[in-house]
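Participant: Sequence annotations record features per position, and here TrEMBL assigns compositional bias 'Low complexity' to 13-35. As annotated by TrEMBL, compositional bias 'Basic and acidic residues' applies to 593-618, 748-763, 770-781. Sequence annotations record features per position, and here TrEMBL assigns compositional bias 'Basic residues' to 716-729. Under the heading domain 'DEAD-box RNA helicase Q', TrEMBL lists 72-100. Positions annotated as domain 'Helicase ATP-binding' by TrEMBL: 103-277. Under the heading region 'Disordered', TrEMBL lists 1-50, 569-624, 658-823. Annotated motif 'Q motif' per TrEMBL: 72-100, in sequence order.
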Amino acid sequence: MQRQKPRGPGKPGPRFKSGKGFKPQPGKGNQNNKNNQKRPRDEFKKSKLAATDTEIQDLKAKYTEIDAQAIKKFRDFPLSHKTQKALAEFKFINPTLVQRESIGPALMGKDVLGAAVTGSGKTLAFLIPVLEHLYINKWSRTDGVAAIIISPTRELAYQIFETLKKVGKHHDFSAGLIIGGKNLKFERTRMDQCNILICTPGRLLQHMDENPLFNTSSLEVLVLDEADRCLDMGFQKTLNSIIENFPPERQTLLFSATQTNTVEDLARLNLKDPVYVGYGTKAGDSTSTPSSTSTKEVAVLAVPELLQQSYVVLNLEDKITMLWSFIKNHLKQKIIVFVASCKQAKYLYEIFCKLRPGVPLLSLYGTLHQDRRIAIYEDFLKKSHVVMFSTDVASRGLDFPAVNWVVQLDCPEDVSQYIHRAGRSARNKSRGECLLVLTPSEEEHMIGALKEQLNVDIRCVQIDPKKLFSPRVKIEAFLAQFPELRATAQRAFLSYLKSVFLMRNKRLFNVFSLDLDAFAQSLGLAVTPRVPFLEKFLWRQKLLQQKQPHDTDPECPTIRDKLLPKITKKQSFGGGGGVSDEDDDSDSDDEDFIRVKRRDHDVEGEPVELDPKVGPNEKEDEPLVVPKREKKLVTKASLAKKALKKNLQVNSKVKFDEEGESVVDGRSQMMALARKQRDDNEDDDDDDDGGIDLVRSKALLTEEDQYDKQRFRELVKKRHKLQREKLRKKAEAAKGSSDEEEEEEDDHDHHNPDAASDSEHSVDLSWLPDPDKIYKKRSNETGDATASATESDAGEDEDDSGDDDDDDDNSDEEPAYKKSKLTNKLTLLDTEAIAASLLGS
Ligand SMILES: Nc1ncnc2c1ncn2[C@@H]1O[C@H](COP(=O)(O)OP(=O)(O)OP(=O)(O)O)[C@@H](O)[C@H]1O
C-alpha cells in the first residue's frame, strides 16, 4: 500500500535556472559571483535528488522479492542507505526473528500483528518500516504528521523515542515525544512540525481535543506498541476517540509480547488482511476469527528461553521478611521488585531506605513527578547493583540492561502480566531469573494457569528459615519514631487490600481470605487500620441478605467474621462511636486512591449482589461490581466547605465587660459577615475546585484593612474625649474660685433666652479659661487679629468635641501654647490650659 504523499507547502523545488547560454552580465559582478558559487551547489543538490530517486525506485522494486527465510543480516533488506548506516553504527547487524518476519510485510505497506517474546527487538521491527515509509515517500519536515506511535506508558514512549533517535540518526525527519507531565504549550507549538510522533494515549487525545494546529489528516502509519494493553479496558475509550480522528486509509502495525486477536479489536483498528507474525493457528469458533474460518490465529505466549523461573509460597505477613532476606543475600545484583500499588512501592522504598540493606534503592511508580520518573528510569539503566521497587508502570517494554532478578512480590493479575514483568530480565539472549511470590490461596490457580498457558514447569523453592532475617522490630521502631512513615504504612496496607478487592479473578484474589491483623503487623503497624471500603461492601451484603434471608450462608470468611458484627447502620453510616457521616466522606478519599486501569473492570455499574466468601475453589468470574462511587471528586477543600456550611464554630471567643455582659466583637462580626458573603458567592460557583481565589482574598483584605483603620480612629477619638473630660472636671474645680465678673455674665446669660438655649445644645465651654481675662490686660500691646484668632480656636475646640479628625486635619492652626507666648506673664490657669491642650493633642 504505497500511496502518493500529498505535496506539502514547503516542498523544495528548483531555486534558479541554469543552462548552457548562461553568461556573466557586465556591471553585475557581485550577483554573477554569487550565481557562479550557487551553480555547483545546486547541481550537486540536483544530482543528489536524482540519486535519491533512483535509490527509491530500486528499493521499491525489491520489496516484493523479500524472503524472510533468506535474510541473515540487515543489509539483506532493501533499506535506505541512511537507515543501513545507522544500524551498522549501533551494531545492529543480524535481525532477530520478529524483525526478519515483520519488516518485509511492513515495508510492503501491509498491516502487521507482531507477537514475540519480551526483549526480542520488536521496537526496531516497527521503527525501521516507519522510517523507510517516510523516506520512500520523500516526506519532509513541512509535510506534517506521517506516523504516530502509541505506547501505554511514558517511560516506554521515552525509550522508543531514544531508539528512534539512534536508528533515524541520518534521516532528516522531525520527531516528537508527546507524553503527560511535560509542558503542553511547548508541545502544542511544535506538534504540527513533527513527522513522527511518539505518544501516550491520554496526551495524544488531549492535543487532538485542545490543539487547533494539530492535524492528523496526513497520517499514513499507526503503530501500537504493547497493543494488547493499549486496546484493553483501561484505554478503550481514549483509544476509540483517537482512532476516530485518523484517516481510515492507513497502515497499522501492532506489536506486543502478549498480542490481541479479538475480532472487535481488529475491527476497531480497521485492519485489512493483516499479516500475523509470531502467531500459531488453533481451532476456534468462526465468530472469533477475523476471516470467519474454523481456525484462529493465536499469539504464542512465551517467556525468554534463558529466563529461570521459580516461585515461593508464603503467608502475606511473611513477604517483607522474605524480601529483606532476599535483598541481603543478593547485594551485588540488579533487581526489580514488582508490587501491586504505588503506595506499597513508596512504603517499601522508604522503610528499606531506613533499614539500609547495603545496596542502592530506587522506586518507580505512576504518582511520581514525570521528571523524577525519567531520572529514576535513567538511574536504574546505569546502575549495576541496585534494587528498584516498582508498580506495573515498569512491567511493559522497558529495556533495562542486565537485570539479574525480577521479584513479583504481589501476584500478577494474569499470565500476560506475569510474562511482561518477568520479561524485564533475560532480554535479548541474556540470562535472568524471576521469582514469583504467592500466598497459599494464590498458588493453585496461578501456577495452574502458568503451566497451562506457558507450557513450562516452574520450580517451587523452599526458603531456608535460617537464612531469613526479620526486620519487624526495627520497622516498628521506625514507625513509632516517624509518624509520616506510619501514615505511609497505613496507606500501603489499604492500597494492597484495595488492589486485591478490585481484581476480577476472585478465584485467584480473595481479599476475605487474608489475615488483616497479621498483615498490618508485618508492615510495622501496631493497630490494624480500618478498611472502610470493605466495611461498606459488607454492610451492603448484609442488607441484601436481610432482604433475601434464604440466601444467607452460614459460612463466613475471615474478614467478614471480624468486620460484620462491629457494623450497625448507626455506627457505620450514622453518628455514634463508629463511622460518622464525615468519616464516610473521608473514606471516599480512600476509595479514590486507586485509579482502576486494569482490564474488564466494571467499576461504574450499579451495586449488585456480591458474594464476599468466594474462595479459591468456588465459581470463577463472579461479577464484581464495586459500590458505586460518587461521581464528584471529594477534595479536602470541599470537605472543609461542607463543615463550614454546618456553621460549626470551633473555639469561638466571647468577651465580657466589667458588668459581666458579653461584648460584641465588631471585628469578628465583620469577618463572619465577609466569610458568609464569600460562601454565598462560592455556592453560586459549583465548579469551584478548591484553592485560593486571589481577587476575592484581596478584596477581603482591603475591606478588613479599612475596617481596622476606622476602628483605630474611633479609639483615638475616644481617648481624646476622655482626656478632655478630665480637663473639664479640673477646670470646673478651678471655677469655684472664679471672680464676680464671671457670675454677672452668667446671670446675664440666664436672662438671655437665646444664650440659654445655645448653652443647652452646645458644649459647655464655661470650663475654658476666659481668653479676655488673659488677653484683655495687654490688648493694647496685641492687635485685634490675635484676639479673633483665639476666639476661633475656641470655636474649633467645640467642633472638635464632635470630631477628632478635624483636630488632625486642622493641624495648620497654631496651637494654643504657641499663642500664649504672646503673653509675657502666665497665670496658673493659663499654664493649666496649656498643659491641657498639650495633653489633648
Ligand atoms: N537486531 C538486533 N541486534 C542486536 N540487538 C538488538 C536487535 N534488535 C533489538 N536489539 C536489542 O534488544 C533489546 C530489546 O529490544 P526491544 O526493547 O525492542 O524488545 P521488545 O521485544 O520490544 O521487548 P518488550 O516485549 O519487553 O517490549 C534492546 O536493547 C535492543 O537494542
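Glycine is treated like the rest: Cβ placed from N, Cα and C.
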Participant: Would you kindly list the residues that approach the motif 'Q motif' (72-100) from elsewhere in its chain, counting only those six or more residues past its ends and only Cβ-Cβ distances under 8 Å?
Facilitator: 55, 58-59, 62-63, 65-66, 107, 114, 116, 120-122, 124-125, 128, 131-132, 135-136, 166-171, 255, 277-278, 428
Participant: Reported in the order helix, strand, coil, what are the DSSP residue counts of the compositional bias 'Basic residues' (716-729)?
Facilitator: 14 helix, 0 strand, 0 coil
Participant: Mean pLDDT across the domain 'Helicase ATP-binding' (103-277), rounded to an integer, is what?
Facilitator: 90
Participant: Quick one: DSSP breakdown of the motif 'Q motif' (72-100) into helix, strand and coil?
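Facilitator: Split into helix, strand and coil, the motif 'Q motif' (72-100) gives 16 helix, 0 strand, 13 coil.
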